Structure formats: structure tokens, C-alpha cells
């Protein structure tokens, strides 16, 4: 049937979306979950002889594993060739009230090294026993296979273990057959179920999320990235609709699919759903389809994604210089999905907010998110899918690269948005705050340090994505984008359908650099290893009076202890770009801790457009010259560097390198600033002051100062939009209009609250006609709910419950956290653990939204502590990011009492922190830094703001 997608006429009412990576056949098996579960509780037959030790009664993996099945990594004795898997999901509950799936699998594999042991991953599957064993083994091409001696499930390491009576022969090929049943749970991992309502009718679909280690929840497999294989797939939907699946014996028609390319198990995907789709023109070289709920498709919410997918694919074909590897690209928006999206090869799965766009309801931010996420996932079709890193310790290369080039793809398809600059705001500035902690981690780890599933899950963080993107952007800058692209092309061509380590990329980029004749102070590998094998980044200090340049490991808390040694002694090879009195100068390489190179100047700014991943400090005279230039002619400094000056100064002040008053002084020019990037950077840094002071006497004069700065911006957008009736043309102006309104209402700019309250009341009076601009809705909703009471809250909650557009629901989900009523916030917190009220995928975000409210923060912290056991056990896997939760709820912590509470929380839950362990350490470090900062700066900040509001702008 080829690699396309076909729908059986008998089941035309139901769509079965299957990736080229799909690995399912839906057929009727006459076993029920309870029966299979009871079978697998039987004790397997005990063998009396053999060369491999038995399992004993071990229930947990020892710290020093002795047996092969106690190791989390597969041995190299077996190599999969192909899978042929049959699955049947039941989309109605069985008599025990469970949703289940049943199936069987045949994996063809080669014995690489002689062995009498088969280890294959399996998690939460119950197996049919064959003569007391969990599987059947046979040799291919008429040879005889060893007899099975013993089999069992090793739960801690998630293996099906099969001991053989004699060894398999190296070079021989074998087939392993299993039959199994699993739960089609709502845990957002593996093969899981999602639910939604359409026209009041509850509908259920079955879908997947395999990355990183959940393919083993769908079928037994060699579930490691390097274990690439083909997948031979067939789909057999039962009867003529899913209402009849409880009938065991019925006629059904099959849908079959050809073999996939050689690929990793984590890239598999299959979806069984009642969805609609739109597609590219017939005859197109690559068939593109956008799938979603039928109503969403009928409303045109998939049109923007369809419009942009083709051009982005074409961009990457040119960028990589390799054609798109497949014949089709299906993209599907799911009601329940843990991540933003997943790059399954041929069937990309998305949250609805990351794929669907409705111009009548969605904001420009929603539109940008769709474009960048599509670009990110399509970038993976080559980098990650065609060529895959060998193990998860190099996840940064996969995700950091896709994050970086996603901005290139989005910039190509939306050239007016200036996406190549927005990466600074969206990725780089934020992650620098995380990487400045002593509890950060290097981009690349040793394979031995990343073994358990929870270790792997913990790597899906901002360091991996955003710092990975930042250092690759820096590399691309100093070798040029063209040479970077050439090196990537060579890398992909050499390793297509294979696995790599990061050194393979460095080698190909070095070849491209040599071919282009670019002179570097060291090889690409030597330069870049200092950025990926040690955590953190430097602060570069330039003394313009002497020309002295030096570097030092930048730590947000200078008193924190870095207990992780570095072979590079936390020194970097730093590419320094700079302008002197407005004129760009040649790039300079800082190769040691100190060097002499630059003479005095009128004013100097380094790290142009923040292409380098480092902060910059200057001598006090140059800081004064920069502040003068900002206050008199701020546009003489590039817009990204105006943002950089603010961000560097505030972070240098937190690190006690410069004074806090100097940092605050970098915001004085904002009353004349109209550009988004400086305003947004100032907003983020002043948000820290809000977090630290919104419960103290400093808050009043601080609000007064911000009011003075934002009032001109508020008036500017009032005029630009003809009294808020028009949408600004410029993409970033639309963003900055939100800053004007948000700061205006929160600091009491005249007329702002009255404006938002009136808009919201008008909507309440006519719920079917929401005239509030989509760009402004989040701010308007929040402001109105904060000023209102239970009537406004209940109205917004009702609109959230009835929302059919995911981006609108997300705006309301946030705005509901803005209320000042503690009892409403407590009720909202309780809703977070009721999936029928708030989807599991949204629970983390909602709790963090509530914690962002100064009234809600202590309520959220109490809620987390009281319910941690339930959250950890019921919202594990893909449904909740524990690390994100801890970071969000504790970001306001700044007292000794809160620090001790964190320590107590760590002690109470030491054995069930999972992926939150590293985030908890970061929270402790951040809290300590906040405490120290407050002790030093509270009076100083109060006096500065008080003096500023008493004077003139």
C-alpha cells in the first residue's frame, strides 16, 4: 500500500490516523483485561539448569546491578530488524470499568553476540502465557531456536526477561512473539486515551506519546534510540463504528500500511479518532494533512497550519540540502497532550493550541506559537528522525538544534515578524537566569549519568532546549550561517538512518569551516566543548579605560558553591563582537581569563545582537556613557542591545557585581522607548522586583515609578489604535500594546481599569458577541476578574467550560487565577486535580498561574504539599512536569521560613520527587539568593523608587 494513508470504506465515519511510523493493527482479540491480568500473576515455571542466574525475589534495582536485567541499558547482544504489531483499543470501558487495548507483536531481530538471554522493554503490559512462558521464540530460515527456560517481568527496569536453555547463535535471526493486554489510561503516555465533547456528545480517541521511554507501554520493544528498526503495520478497525467494539465476533474491514523507514521506537505514533482533515492539493510532491476535531476543521482552524507547512518544509529542504525523507506529513491536534508537540515521523502530534488558529479568536501570540512549533517539529524530520542521537545524554543536540532553526523556518514563512530577533526574548534571556545557578547542568552529560527514565525525563528542560539553541546560534554566527548549513548537510548525508554522538556534528562542521577557509583560534570541537561539557557561562568584563578584558563564571548568587568540577575550570573561548561609538568592530576571541586589546572610547557595547551566550560588564565610566546615550539618543544603540543592557545590568546587580541602582537606572529611558524588546526585557526584570516586594512597603513607590514610565506608552497606543479600536500593523507593536495595557492597569494609569472592566461587562451582557481584541483578551480578562468578584469569576469559568477553541480556553484558564478572592483561588486549586474540570495536561500551568498571584502563592504551596502524594502518583509520566510545578510555586520564596519549608518538603518527599529533584535544588538555591538580595537591597530600592517618583521623568 506504500507509505500513504488510507481509510476503509466500512469505517469512513471514523478516522484512523497513522504515521508512517505507525505500528498498530486494530483487530478483535477475545481476551479481556481482567483475565490476562490474572494469567500474568501466575508464577512462571522454574527451571533446574542453565547458564544464567534466575531473578530471585528482587523487587528493586540495587545501586550496583549484578544481573543484566538490573541494568537500565540494553546489552548489545541483540539488534531489532522489524516489528509487526497488532493492537485493538477498546473505546468503551470493560465490565471492570477499564479502558483497555489488546494486541500481539512479532519482533524480528539479529543475534549480534552469542547469548542465552533476551531482554526487551515492557511496561504495564499483561501477557498471555504460552506453556508457562511470556513469549514464543523461533528461528528464521528453518533453523532451530533454543527452548525457553524461564521468563518474568522485571518491573524496576521495565523488561520482559527471557532465559533460554541454550545460547542463540551470533549472526542468526529470530522472531519473538508476544500477546498482551494494557490499559488505555488517561495518563498522556504510551498508548493512551483522550476525551472531548462535540455538540454535547462525549467522544473518546486513542493516541500515543512514546518519547522518551513509553513505546514499551504500547508493545514489547527494544526501546532505545539506537535500536532502529522497520515497523510493518496494519490497522483493522472493528465493525462499522466504535460503538460495536464490545461485540467479540463481528465482521470488520482492514486498513493496511506499508513498512516504515528504519527508525527509533520513540518516533512511533498512531491515533484512532473521529476527526476531520484538510489537505494539500492533489498531486503535490508531499501530501500534507491537518487533522483535528471535526468542528475545528469545519471552522477553518487548520487552514493556517496547512498554509505554512509546505513553505517551511521547502525551507528546510534547501537549508539541509536534502529532500524531505517521506511522501506525506500528517499533523494532528489532540485535546489531551502533555507536550507542545511531538515530532513523530510522518504523524506529528500537537496540543490544539500549537496547531489550530482562528483569526477571530486567536491572538498574534497564538499565531506565532503555531508557526514556531510547526517549524520546530518539521526541523526534526531530518535532525532527530533521519539522523538520531545515540542516547538521551545528547538530547540537547536534538532539541536545541530544532529550537534554533525553528526561528529560521518561522522567519522564512513570516518575514515581517522578525523571528530571528525574537529568539533572544523567547529563549536566550530566560535560560540565562537558569544557567546562572550553581545547580544548573551541562548540555551534554556522560551516558552513564543518564540511565533511568526519570533521569531522561529530567533532561527535557530549558537548558536542553533554550541554551542548546543559544550556543548553536552563537556557533552559526561565528562560522556564518552558510557554512553552518553546509556542515549540517554533510552530517545528515553521512549518518542518515543511523545514530550519532555530538562529536560527529563537530567533525562535519569543521570540514565545512576548512572548506570555506574560515580561521578560528581552535577547532570547532575544542571551542564548543567548553560550552556544552560544563554548565554555566561567563560574564565578560571590559575596562574601556585600560583596554583590559576578562572573564569569570557568572553566578546569580556569588556565594553559592559550585561543587561540580570542570575540566575547563569554568573558562570559555568567547567570541566578542562590539561597537564603539556606534561603529561595528571586528570580532575578537577572548581565550583566557584576562587579555588586553581594547582602548578607551566614547561609549562601547559588546555582544552585538546577543549572538554570544555571555553577559557583559563595563567600567563605571562606560556604564555612565551608556546610560547617557540611552537617555539622550537611545535609538543609536541597536534594539536588541537596548534589551541586553537592561537584562545584563539587572542580573549583574543580583550577582552583586554592579549596584542595584545602576540596574534600575537602565529603565529611566523607557518613557521614550516604543520598541517591544526593551520593554519586554524590562518587564521581566521588574517582575522580579514585583515578586520580591509585592507584599512589602516598597510596592507602592515601585508602582508609582512604573506608572510614570508606562503612561507615555499607554497614550502612544491609544493614539496609534484610534482609542483602542484598531490593531497595530507591526507584529511586535501588537505585543507591546499588551505591555502598555497590562502595566497601565496594574499601576493605575488613568482610564485603564475602567476600559478593561467596561469591555468585560459588555461581553458578560452579550456572551455570544465578544468584541474584545484577541490580542488583548488575556490582559482584559485578568484585569476585570481581579477587579470583580464571584459573578465575574463564574462567568469566566462558564465561558472556559464552553470554549471550543483551545487558545481561548487557555486565556480564560490564566485569567481565572487573577481573582483576589482567596476562597475562589482555593476552589480553583481543587479543580486542578479533577480531570473533568481541568484537563491533566493543563493542571501544572493552572497551579502555577495561581501561584503567580500574590494572594494565591501561599495557597498553591499549601495545596502542593498537602496533595503531593496524589499528584506524584496520579499525575506522573507525561501529564505533569514536576520540575515546572516546583519552579512556578516557589519563585516568590525569599524568607528563611520559606527556605525551611522547602527543606522540609525535600525531606518529606525524598523518595518521590522524580523529575522535580533538580528543580527543587534550583528552588533552594534561588530562595537563598533571594533572601540575600532582599537583605542588601530592600531599603536601597525603596529609597530609589521614592526619589524617582518625587522628581521629574
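Cβ atoms are placed via backbone N, Cα and C, with glycine included.
Automatic prediction, not curation, is the source of TrEMBL annotations.
Here the structure is a predicted model, which means the values were calculated and not measured.
Under the heading region 'Disordered', TrEMBL lists 40-69.
Per TrEMBL, compositional bias 'Low complexity' is recorded for 43-64.
The domain 'Aminopeptidase N-like N-terminal' annotation in TrEMBL covers 80-230. Across the domain 'Aminopeptidase N-like N-terminal' (80-230), mean pLDDT in this model comes to 95.
Look at TrEMBL and you will find 304-531 tagged as domain 'Peptidase M1 membrane alanine aminopeptidase'.
Taking Cβ-Cβ distances under 8 Å and a sequence separation of 6 or more, the neighbours of residue 399 (Zn(2+) binding site) in its chain are 460, 464, 465, 468. Here TrEMBL flags 376, 380, 399 as Zn(2+) binding site.
The active site, proton acceptor annotation in TrEMBL covers 377. Other Cβ atoms within 10 Å of the Cβ of residue 377 (active site, proton acceptor) number 27 in total over all chains.
The feature site 'Transition state stabilizer' is assigned by TrEMBL to 465.
Annotation source TrEMBL lists domain 'ERAP1-like C-terminal' at 603-928.
Remote same-chain residues near the coiled coil (903-930) are listed as 434, 437-441, 454, 457-458, 461, 556-557, 560, 654, 692, 865, 868-869, 872-873, 876, 881-887, 890-891, 893-894 (criterion: CB distance under 8 Å, separation of at least six residues from the stretch ends). The annotation coiled coil is assigned in TrEMBL to 903-930.
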> What other residues of this chain sit with their CB within 8 A of the center of the CB atoms of 376, 380, 399, the recorded Zn(2+) site?
Replying inline: 343, 377, 379, 383, 384, 398, 401, 402, 403, 406
> Taking the Cβ of residue 380 (Zn(2+) binding site) as the centre, how many other Cβ atoms fall within a 10 Å radius?
Replying inline: 25
